[in-house]
Each structure stands twice: as C-alpha cells, then as structure tokens.
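Swiss-Prot lists Lys32 with the feature N6-(pyridoxal phosphate)lysine, giving sequence analysis as the kind of evidence. As annotated by Swiss-Prot, active site, proton acceptor applies to Lys32, Tyr257, with the evidence given as sequence analysis. Annotation source Swiss-Prot lists substrate binding site at Arg128, Met305, citing sequence analysis.
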Amino acid sequence: MNVLEISAQTLRNNIRIIKEYVGSAKICFPVKANAYGHGLELIVEHSHDLVDFFAVANVLEAFRVLDVVEKPVMIFGVIEYNYIDRILSKNIRVSIQDYNDIEKLEKFAKYYNKKPFVHVNLNTGMNRMGVDYNDACRTIQRAYESDWLILEGVYSHLACADNRDHPTNIKQKNRFDSIVEFTKGLSQDIICHLSNSYGFLGQKGICYDMVRPGILSYGFLPEFYVDRVIREIKPIARLLSKVVKIITLQEGEGVGYSLIYRGFEGEQLAVIPIGYGDGFPRELGDRGFVNINDVMYPMAGRMSMDGLTVSLGINEYDVKVSDTVELISAIPRNRNSAFSIAKQTNTIEYDIMSTLNDRIIRKII
C-alpha cells in the first residue's frame, strides 16, 4: 500500500545532465544505504549503462550491485577481510585506509593468487577515514610499487562542500592537488577523485578524473546553485499511500496518542497507514502536510509506528477511502517535498530518503 514511485526517465536524465556538466570526468555513482533509500537494485538496473563505477559503503552492498550487473564497484569503508575471497574473485575495489592495510592485503592476494584493485583514501581535512595527509605520498608509492596490488585510484572527501565559501574547501583542494601531482608522476592512468555533488557544483577545477554525484543524481540540489542546466535536475521519486478510513469527530474528541490534537465537532480525519515504523519522520506529526487529490491537508496529532491522521476539515473536496495520498512530492517547492520535510524536521534530504525502510515498496515507473 505504501509505494515509493521512482521515475527511471528522470534518473537517467539527471545522470546525463551531470555527465554533460563534468565533461570528460568519469562517473562513480554512489548507491550506498539502499541507493539513498530509493532501492539499490532498481537504481543500478536503470543507470548502469550511464556510469563508470558504482560506490557503496560495505561489501554486502557491493554484492547486491554485482547481483544486478557486472560493473566496477568500489567500497568506501574498511576492508572486511572475512569476505576477502569473494572481494578478490569479484574484482571489488577496496579502499586503503591506512599504510598497514597494504601489507595485510598483499598477504591475502598472494594466498588467493589474485591482485585486488585498490583506491587509496586520503584524509585531507575531514578527519574521519583515510591515510593521514602527511603519509599520503609514501602510501601511494608503496601501493603503486606492490607486486600484488593494482593501484587504480586515489581519492579524498570534502568536509564542507555544502558551504562553497568555507575556507576548508580550498585547503583540502590544495592538499589534494599536491597529491595528484605526485600520483600522476607515477602513472597518468591512476584515477584521482575528490568531488561529491556539492563539491563539483561549488568549486571550480575540482572534477579531476572522476566525480561521485550521489544526492544530485537522485534529484536534490544545493540551495546555493542556480546554473540553468543543473536546474533541470529533478527528484526521481515520490512516496504514495492510500486513505484507509475516514473518521468524524464528535464534540470534545481528539485523535492519536495523548490526544494532543483536538478537533471541532463534525471535523473529518483521514487515516493513512504509514508511520515512523516505515522510516517516515515522526517529527512531522501535527505539523506536516500531505497531498490528496491535489489539495494539501495538515497532519493532525502524533504519528504512530504504523499510521498517521490528517485533517480534512469539513471534507469539502469529498476525500474517500482508497484515494491516493502523496506523502513526499517530487516537486521541490511543494510543502511535502523531501526538501520541505527536511526543513521542517531540521535535517537534510539524505536523511529523509535514506531512512525509508523495506516496509515501503519501491516501484519503477
């Protein structure tokens, strides 16, 4: 009953726009966290011919990608050695997070007689994962000279890309530039990549050999960006449900847990079978909006695990059981878009979409 409708045409159009924007740079499409909540398998199936790599957070996500298509997949996270035989046999790209990873990985490569493709992750200022900047060149050279590793890429991640004027962006870019110069001195074929969506939109000269357009591919734009071409990018999904019951309040009655919403006599409420148990934000209860038959209605009362209610007022537009309810709109300016919901709940679109769980059906249209 609860369905996330995904437009394959919009997804593909978004990726084509990005490809045009970044020129010759390769596309590494992040599909971690169930493709930001959109459904990993469906997204991979309908995008693989447009991208060069897929990127995931862990090995189980990598396996899911490869169950759909044979395509280069890189893991951003740590090397999970309990799966190393399958990582090697499937040519999954792994990230070197520390100098010591090289020797350990070499031992497994020798044992299985299989050279893995590696990307060296560098900490240029985010201070989360990756080889320390001061140890970068030594690590890159060691990986490049290894007889048992194939150094395919070198990358880092911007800490403040969502704020294009933040001085850390320039600091990280300058550090990465010096590493790129060293790396290209070893081989021009090593893929250097730094930018996520906000990175290459907010900073000049930052595409390098490859970009990693995650949130942009799914249709979400930074507020600061007004480029005409990029503005053609649109959200690819909308979340739908159905009205399952219409309730008419009597005088003095309320609705939901603690009865915090008190309506008027004769007020009608629509019950929608989706709640925080589906990953829909609980904070929206009593302040969010849904669209029923092109009319916006406010949520009423606390959201429960499995349901929410909306006020229809006197139901002048004759909402009925089984009418379609749009909970997340694909139109950014709407009051129920992921952008608007994120603003209401003090979070980001990534959070709104990626927390939608498997109780919600994903459907390509």
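Each Cβ is built from the backbone N, Cα and C atoms, and glycine gets one as well.
Tyr257 (active site, proton acceptor) has a Cβ environment of 11 other Cβ atoms inside 10 Å. Of all the Cβ atoms in the protein chains shown, 19 others lie within 10 Å of the Cβ of Lys32 (N6-(pyridoxal phosphate)lysine). The CA atom of Arg128 (substrate binding site) is located 18 Å away from the CA atom of the residue listed as 'N6-(pyridoxal phosphate)lysine'. If you measure from the Cα atom of Met305 (substrate binding site) to that of Lys32 (N6-(pyridoxal phosphate)lysine), you get 25 Å. Counting only the Cα atoms, the space from Lys32 (N6-(pyridoxal phosphate)lysine) to Tyr257 (active site, proton acceptor) is about 35 angstrom.
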